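Worksheet: the structure to be examined is printed underneath.
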Amino acid sequence: MSNRPETNKQSCPVYKKCGGCQLQNLSYPEQLEFKQKKVEKLLKRFCTVEKIIGMKTPYHYRNKVQAAFYTDKKGKIISGVYQSGSHHVVGIDSCQTEDVIADKIIVAVRKLLPSFRMTTYNEDTGKGFLRHILVKRGFATNQIMLVLVTGTPVFPSKNNFVKAILKQFPEITTIVQNINPYRTNLVLGDNQKVLYGKGYIEDILCGCRFRISPKSFYQINPVQTEVLYGKAIEFANLKGSETVLDTYCGIGTIGIIAAKNGAGNVIGAELNGDAVRDAIVNARANNLKNIRFYKADAGEFMREAANEDEKPDVVFMDPPRAGSDRKFLESLIKMSPKKVVYVSCNPETLARDLAYLTQNSPYKAQKIQPVDMFPHTAHIECVVLLTKVLR
Ligand code: SAH
């Protein structure tokens, strides 16, 4: 194509093998156009779709980077990502979507392994020590967490290893060993030991401070998350006395920002216990007393709340890719809040849930705003405002 407005600056040598950046053959403006069309195709029957909000600099946006390891027949250690649809490790030292410092830390750890006689885990045999590395960085605080996922708990030279990596990267604020002895696709196991620092990092979003543990969910593109949450809060248009539910709340981000932006009373629900613990700490760290969090399946939580005749004014919902479920949506209709703000990371399940809501209740989509949280990939995030329309 000769008249591209902006060509993709960094074409990646492992584009095909990795499969993570499905849209890399398109320039960034073309990617945005592609996503806009896809959202419109799926959602325009519900209401007009606003123009997707893209990134100014759509590179190195990921604040969380994960690497798998593999030792080849000659004993050379490779680190990188799994080839899409397989468990074959594609070696990469840097990636256009990943944080630059995180990538450097991963390469440094890989280079240190032989001198510490640390083996890499072999998925076929279930033998070997280091399975994965996870690096999370708070972009606003520059706090960095290194998580070493090991197949066995015994870490023979851990103190020297920690010293060696800190010598190269004094900016690392915490190092955690996570133990995953199971034959599983899940990266993280249940047990962990803090080897250095506090065992968590913090970040700042929309003026609020958040604690992030190794296992709790945190949006991976903080620059665009501020845009996304900004829209969610704008759609809720809080006046100061509303009761707000933050469902699928993770570490409490949306609810806490809502509480800082005028909500009278916030209740959060989340399935992951680590995330709920972080949410409770986060509410305290932001000096908020009008907010409570429950560890619960969101559908169950909604059913109970509806049975107890709770009448929230606004319900935020931010389910995982699978979308919400019937139990949740039925209870939502029963509770009948003035506004529903649906944050979605999968327009297909969003379309399904919107179809259910609009067919079975007076709710109607008033605004649909796509936000590009994942440049170069095919993933699309949207925030939708629903209100009741009398028929
Ligand atoms: N609102 C948060 C988290 C969104 S990700 C944020 O923006 O950071 C979706 C969250 O839903 C994850 O934290 C996940 O643990 C949680 N989750 C997944 N299934 C759930 C369920 N059935 N009930 C409650 N929470 C669930």
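Placement of Cβ uses the backbone N, Cα and C atoms for every residue, glycine included.
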Candidate sharing the S-adenosyl-L-methionine site with Gln219, Glu270, Asp318 (per TrEMBL), from Tyr196, Tyr248, Tyr294: Tyr248
Cβ within 8 Å of the mean position of the Cβ atoms of Gln219, Tyr248, Glu270, Asp318: remaining residues of the chain near S-adenosyl-L-methionine: Phe217, Asp246, Thr247, Cys249, Gly250, Thr253, Ile254, Pro319, Pro320, Val343
Rounded distance in angstrom between the Cα atoms of Glu270 (S-adenosyl-L-methionine binding site) and Cys345 (active site): 17
